[in-house]
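Asker: Quick one: the structure is below, and I'll ask about it shortly.
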Amino acid sequence: MTATLPTGLSARARVPASSANLGPGFDCLGMALGLYDEIVVTVAASGLDIRVEGEGADDVPWGPSHLVVRAIERGLESAGVWADGLSVVCRNSIPHSRGLGSSASAVVGGLAAANALAAKVSADLELSTAQMVQLASEFEGHPDNASASVLGGAVVSWSQEAGPPEGPRTFAATRLEVHPDVRATVFIPRERSSTVHTRGLLPELVPHRDAAFNAGRTGLAVVALTSHPELLMAATEDRLHQPYRASALPLTTRWVRSIRSRGYAATVSGAGPTVLALSTEPLPHDLIESARDEGITVLELDVAEGVVVD
Ligand SMILES: Nc1ncnc2c1ncn2[C@@H]1O[C@H](COP(=O)(O)OP(=O)(O)O)[C@@H](O)[C@H]1O
Ligand SMILES: N[C@@H](CCOP(=O)(O)O)C(=O)O
């Protein structure tokens, strides 16, 4: 039986951004980063009232098709609860379409807020962390981003395909504890890039030697991130997606090369255009200043914990 949530019941979710792939771990490695969206959901007597502040406020729809609203509805349905109306406030700091997992953060934040509402009515209704990973990954489509925003730290995510390729998939993820010396710096260009567009540039098949190269580098990335950060340069090399996306991301590609030429590990963050640098010391001042001179926003971010609700 579906429980109806009482009017006035409220929950808040604070959800981190994420950087997917981390170089070689295409569609399977991710890291939560300390840049946050906040979502406040209150049960109303009827209708939908939505307010968006900050990143994307002028671009996203303020109505039922809003990604956060759709995620809240999915979360309520999965937890087996019903709200007669909703008031939703989104305070966004994660830039959209820059390769920092904004869409996954929106979905994880909406699901987590809905789950918190359900848990306030009855602890028995609360979805588990594994269910959150599954729901967020199937809803958003990028388990590397979604798992990082749910679990925090760095993550390895994987899926089991049941039946035909377009059929339902079971997603799972595990968290890696990032070595405390690892620092994450993001270089965020002004220009946007659509994940769907740059995924379309990837070939259906890749040479076996490139697949083997990435398998080795992905294993190495887990070691470098958790216990041997001195291996980060080799561990962030990739042949599966960055070379194919380079033509669509000239500024990003130039900055990945430029940072690496100075001896610091750098990769395309997710599908770009942001560059993620991973280092054990702060990046040189002149490097950061010349990026800023090109209009690139440079931020050193903490490796974040997963979504938090209250
Ligand atoms: N907080 C949000 N609220 C509503 N929609 C969002 C939010 N974040 C992202 N989106 C939607 O997702 C799109 C960006 O997704 P995508 O191209 O995958 O880039 P990203 O790397 O930022 O996830 C935005 O254009 C917007 O439609
Ligand atoms: N593995 C995906 C990750 C997309 O991340 P986003 O932050 O750019 O949406 C990919 O590389 O396409």
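Cβ atoms here come from the backbone N, Cα and C positions, even for glycine.
Note that this is a predicted model, so its numbers are computed, not measured.
Pasting the relevant annotations from TrEMBL:
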DOMAIN    67-153  domain 'GHMP kinase N-terminal'
BINDING   PRO95, HIS96, SER97, ARG98, GLY99, LEU100, GLY101, SER102, SER103, ALA104, SER105  ATP binding site
DOMAIN    232-291  domain 'GHMP kinase C-terminal'
Asker: Relative to the mean position of the Cβ atoms of PRO95, HIS96, SER97, ARG98, GLY99, LEU100, GLY101, SER102, SER103, ALA104, SER105, the recorded ATP site, which additional same-chain residues have Cβ within 8 Å?
Answerer: ALA17, ILE94, GLY270
Asker: Which has the fewest other Cβ atoms within 10 Å: PRO95, GLY99, GLY101, the binding-site residues listed?
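Answerer: Result for the binding-site residues PRO95, GLY99, GLY101: minimum number of other Cβ atoms within 10 Å at PRO95.
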Asker: Listed binding-site residues are PRO95, SER97, GLY99, GLY101, SER105; which sit with C-beta under 6 angstroms of ligand 2?
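Answerer: The qualifying binding-site residues are GLY99, GLY101.
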Asker: List every residue in the same chain as SER97 (ATP binding site), at least 6 positions away in sequence, whose Cβ is under 8 Å from its Cβ.
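Answerer: Looking at Cβ-Cβ distances below 8 Å from SER97 (ATP binding site), excluding near sequence neighbours, one finds ARG192, SER193, SER194, THR195.
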Asker: Averaged over the domain 'GHMP kinase C-terminal' (232-291), what pLDDT does the prediction give?
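Answerer: Average per-residue pLDDT within the domain 'GHMP kinase C-terminal' (232-291): 98.
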Asker: Please list, in sequence order, the residues in the chain of SER105 (ATP binding site) that are at least six apart in sequence and whose C-beta is under 8 Å away from its C-beta.
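Answerer: For SER105 (ATP binding site), the qualifying residues are VAL15, PRO16, ALA17, SER18, ASP37, ILE94, ASN145, SER149.
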Asker: Given a separation of at least six residues and a C-beta threshold under 8 Å, show me what packs close to SER103 (ATP binding site) in the same chain.
Answerer: LEU67, HIS96, GLU140, HIS142, ASN145, THR195
Asker: On the DSSP side of things, how many residues of the domain 'GHMP kinase N-terminal' (67-153) fall into helix, strand and coil, could you say?
Answerer: 57 helix, 11 strand, 19 coil
Asker: What does the DSSP secondary structure composition of the domain 'GHMP kinase C-terminal' (232-291) look like, as residue counts for helix, strand and coil?
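Answerer: Secondary-structure breakdown of the domain 'GHMP kinase C-terminal' (232-291): 30 helix, 9 strand, 21 coil.
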